[in-house]
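Novice: Grabbed the feature section from TrEMBL, which reads as follows:
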type	residues	note
ACT_SITE	254	active site, nucleophile
ACT_SITE	277	active site, charge relay system
ACT_SITE	335	active site, charge relay system
């Protein structure tokens, strides 16, 4: 009894040591790619691109060895960036935060060999992922690794529009040819900034970066990809000829949800999109002028589902084409339930920072994963998806915490959600 109580006490205070395990049939590998501006490849990368690739790997002794897994936040600069985004003193708390999470591992092996094709014609569906405001390529492993474990290539873009908590550019020195890191910090809005104009400019930069990521996938497929500034090309070479560029989707969270919508509007090569807690402000009224026909799934946390200022334009956007724009919400969840954070931090920090939710992180992750995968399977023709998926279509078998429907909630349900908001 005493041992059980002590174990419970320690689990309350400690940071987790690993993220949720993946459910797919593959192990997961990941690899970083950065390219500079390069016209020689047949397309412009403008300011370059920074992408972390997640991909299916064979289940071998090496890929199942947890000691070889990647660290969640491998560098202090990213820990300090996350603290700075929250307007806390990064020079002190950044070091402490990195010390707390420095040993946390993700369910992926860096540069693990790509899985072998099951048949000559087996190609990998592709997903381009866009992080939220204050995010980066490192804090959405819960979903990127899961999709890779199901057999997809995921390209998680680290945006350079000053919306990432921290990111950097590698630049070659003129003298010795060595690389120097130039860090880009998160831009906190100033009083002189017009929020809509600033965010609208950013979302167009972000969407263009996602379109460039699609271009890079095409070049990887053909074997003519830009030079990787990390000087690691083995995974890119293994991906040559393995990508199904007719099955490419967008997924994004918050600002990344807005980026997902705009990317589909700008480029018809994207077959469908999933927007997690889409932030509508950056899109403005201009999004209604696009001819956007691709299917979209909107997955809201309860927190965003009750935010009228965001819900009203979203409802209008969905009502324009309700047959191709689905929406669900997950009860008792908050905005951060759609990234790694709640699965990492101990309960007392989640409570202190108001990042936690009434629904436990494991269940929230499970429902978000199921909804994303159900929609992508259907619209990317992966396997033999069922005609009806209760988690996105409703009806019999709908999970307990799922709210379905383009009409959002009934008056009674909405009142209930508002009353419960303070208890989240």
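Placed from the backbone N, Cα and C atoms, the Cβ positions cover glycine too.
Each of these features: where is it, how hidden is it, and who are its neighbours?
Specialist: The DSSP secondary structure for residue 254 (active site, nucleophile) is coil.
In the three-state DSSP assignment, the secondary structure recorded for residue 277 (active site, charge relay system) is coil.
Taking Cβ-Cβ distances under 8 Å and a sequence gap of 6 or more within the same chain, the neighbours of residue 335 (active site, charge relay system) are 254, 277, 301, 303, 304.
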Novice: Including all protein chains shown, what's the count of other C-beta atoms within 10 A of the C-beta of residue 277 (active site, charge relay system)?
Specialist: 28
Novice: Under DSSP, is residue 335 (active site, charge relay system) helix, strand or coil?
Specialist: helix
